[in-house]
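**Student:** Quick one: this structure, given as structure tokens, is what I'll be asking you about.
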Amino acid sequence: MNARKIIVEILDNVLLNGAYSNIEINKQFASNDIDPKDKGLITEVVYGTIKYKKMIDIILSNFVADIGKIDESVVNILRSAIYQMKFLDRVPPYAIVNEAVNLTKETEPNLAKFVNGVLRNYLRNENKNFKVGLRNNEALCYDFSFDRWMIEMFIKQYGKEDALRILRGLNTVPYVTVRVNTCKADYDEVYERLEEEGYDIEEGAFSPEAIIIKKGSAIEKNKLYQEGLITVQDESAMLVAPLFDLKGDEQVMDLCSAPGTKATHIGELMMNKGKVVAFDIHDHKLALIKENIDRLGLTNVEVELGDATKINSKYINWADRVLLDVPCSGLGIIRKKPEIKWNKKNNDLTEVVKVQKEILKNAWNYLREGGELVYSTCTLNKKENEEVIDWFVERNSDCEVEKVFLGKADNVVYNDNGSVTILPNKYMDGFFIAKLKKKESK
């Protein structure tokens, strides 16, 4: 199948049907025989078009009276063509226009001339200042390609300077980061093997197990991955497990575990001793966790079906440590899932807080006195982060916050309540971590 046809199919599924960009790309790659160069183009154009949709739509509004009245798939043809002409230089503009017109002829032939006219009009005006008439935060919507409500939320919660850093960070192209499995492998040996195999790599900024892959072939197909010597995990997420004081004989619960990267990290740090129970509400996700456990050669991690919003009496006062990586709005991982920009609404952020509070209340019942709970999210919305922790501590006299300290770094923000926020950049996702301790009764 033609690469640009695949691009539009993916965009339709993501922007019109709510699919995830990474899953749709992988589906297309699995079901079509695609040249590696085309795979690179497809990935770049899909992620880029989704990321810069707001900017592209503002550009299109200069040439189209009402974008809402055009067939949605044709709009995606226009969006992907504008993205390529504005951000890429590997394909001549005339070829991009011709391809877009031909694609339109296949689905909406009566709109082919319209598409041709819009794109040629853009080419004649591509150096125009499309921000003219946009005021204040509307200009930021164009520059960073975010909806206004999200930009204004970040400014309100973080101040203008950090908000701009967040927006910039969420638009970066992420590197892949892997965690070395210290139960099976030596860090230096894995590092050397990756270098020998032609990967452009560097050490992580915080985690002693992290290796950042800046360039190289798909890591999941590498023997190091298949043999369980490494696993893919963002370095922000690697900061969670080491915050627990682990001796190796603890009983640990990970209540919202899929895909199990944090649970397996705990298992590795415990050197295959103790017991980690990884829970998830979905059977198919438990299978994914089990796959990772087996690949990594861990015998101290097991899986169990469980809904974290409902109390499980079997585990009352059972756990020495509880990991709570709660469901969240995901605003910290927009650089990897840019569709989050468009499929989240302000109201969604209020609804998810109720779920987070319910899960945290239940989790506290599983924790023994003297035990530790780490609460984490991959969002940057303070209502899901600091405010949930403050709400919980105020209502539970047996709860105290243990300050998290990760060292000094440009993208680490230490919050007043002892928690920490990681601001996104090309190396790390936006992330939040708080550590709570259950006081021992006197």
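One is the number of the first residue shown, and numbering goes on along the chain from there.
Yeah, the Cβs are placed from backbone N, Cα and C, and that goes for glycine too.
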**Student:** According to TrEMBL, Asp307, Asp325 bind S-adenosyl-L-methionine; which one of Asp280, Asp294, Asp348 is listed for that same site?
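**Tutor:** Between Asp280, Asp294, Asp348, TrEMBL records just one in the S-adenosyl-L-methionine site with Asp307, Asp325, namely Asp280.
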**Student:** Tell me, if you would, which residue among Asp280, Asp307, Asp325 (binding-site residues) has the fewest other CB atoms within 10 Å in the structure shown?
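**Tutor:** Among the binding-site residues Asp280, Asp307, Asp325, the lowest count of other Cβ atoms within 10 Å belongs to Asp307.
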**Student:** If you average pLDDT over the domain 'SAM-dependent MTase RsmB/NOP-type' (166-439), what do you get?
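**Tutor:** Here the mean pLDDT over the domain 'SAM-dependent MTase RsmB/NOP-type' (166-439) amounts to 97.
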**Student:** Through the lens of DSSP with three states only, how would you label Cys378 (active site, nucleophile)?
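**Tutor:** Its secondary structure by DSSP: coil.
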**Student:** Can you tell which of the binding-site residues Asp280, Asp307, Asp325 lies nearest to Cys378 (active site, nucleophile) in space, using Cα positions?
**Tutor:** Asp325
**Student:** Could you tally the C-beta atoms, other than its own, that fall within 10 angstroms of the C-beta of Cys378 (active site, nucleophile)?
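**Tutor:** Its Cβ has 25 other Cβ atoms within 10 Å.
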